[in-house]
Amino acid sequence: MQQLIEKASTLMEALPYIRRFSGKTIVIKYGGHAMADEKLRKSFALDVILLKYIGINTVVVHGGGPQINETLKRYGIVSEFVKGMRVTDKETMGVVEMVLTGQVNREVVGYINQNGGRAAGLSGKDGDLLICEKLLQEVKSEDGSTETVDIGFVGDVVEVNPAILQALEKGGFIPVIAPVGVGRAGESYNINADVVAGKVAAALNAEKLILLTDVSGVKSKEGELLSSIPLAEVPALIDNGTVTGGMIPKVTCCTDALAAGVKKAHIVDGRIEHAILLEIFTNVGIGTEIQA
């Protein structure tokens, strides 16, 4: 009987959050280990389905770096990276688009649908969802001067047209977006999935942006998880070296989304089963929340 009472208490803890977020939009960036482990794939699918059933409009943006790397290797194509961005020539872009839209997107849609949801896959080219311009990288030369580097078909999202997402949501579908955008001349662009999630969240005036990662969240210099960070404190955390390396672009993605109107952003460990539900529907959460 005590176990049943504890289950009821868990549901009651979630109730105020369900009431608060019903009818709102949450955008989730899905990637990392959560995509590779069968048990985590199922828990992710069930989390997303539950959100939809309780009235939360859920949009998924997925990555696919490991799958792209594997396919490029099979084709004998060697990738170069500039400041963490893959140099994407026309041949590489063809492989990237094939993997993201033809393989990974279908897989994500498939396991949501197989577990009782109604997902619909699309890329940023569908309905001109993600309009891009070429992203140029500024790098420092050995002599200290700054040089602009063309890294190929890597896109900077300059416009989001969310009508197709709104139509899918009204139809009861969970949109699943592959991070491939389109240029003004119809050319395809490879886009960072975190950036896509942030831009889409802003365009939909989302309540939350959630980035699933392979780390527990933002940590202090002593290694302790920072469960909540005010937006105004983020620049200092970067300047003093608390936020470093690959966490910087993720945190920047969150702050950009908040500045554009998203209410809260979360960096959550996707290696934990039901990480999304634990972050949203519990009093403490399990990751890092950044709030305006």
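From the backbone N, Cα and C atoms, a Cβ is placed for every residue, glycine too.
It should be emphasised that the depicted structure is a prediction, and the values quoted were computed from it without experimental measurement.
Per Swiss-Prot, substrate binding site is recorded for G64, G65, R86, N190, and the stated evidence type is sequence analysis. Annotation source Swiss-Prot lists site 'Transition state stabilizer' at K29, K250.
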Quick check: which same-chain residues outside G64, G65, R86, N190 lie with their CB within 8 A of the centre of the substrate site CB atoms?
G63, I68, V96, L100, P179
For substrate: widest Cα to Cα gap among G64, G65, R86, N190 in Å:
13
Pairwise CA distance, K250 (site 'Transition state stabilizer') versus G64 (substrate binding site), rounded so that it is a whole Å:
16
With H, G and I counted as helix, E and B as strand and the rest as coil, say where DSSP puts K29 (site 'Transition state stabilizer').
strand
Most Cβ neighbours inside 10 Å, all chains, among the recorded positions K29, R86, K250:
K29
For N190 (substrate binding site), just count the other CB atoms lying within 10 A of its CB, please.
25
Rounded to an integer, what is the Cα-Cα distance in Å between G64 (substrate binding site) and K29 (site 'Transition state stabilizer')?
11
Winner by Cβ contact number (other Cβ atoms within 10 Å) across the binding-site residues G64, G65:
G64
Could you give the Cα-Cα distance between N190 (substrate binding site) and K29 (site 'Transition state stabilizer'), in whole Å?
16
C-alpha spacing of K29 (site 'Transition state stabilizer') relative to G65 (substrate binding site), in angstrom:
13
For R86 (substrate binding site) and K29 (site 'Transition state stabilizer'), determine the Cα separation and express it in whole Å.
19
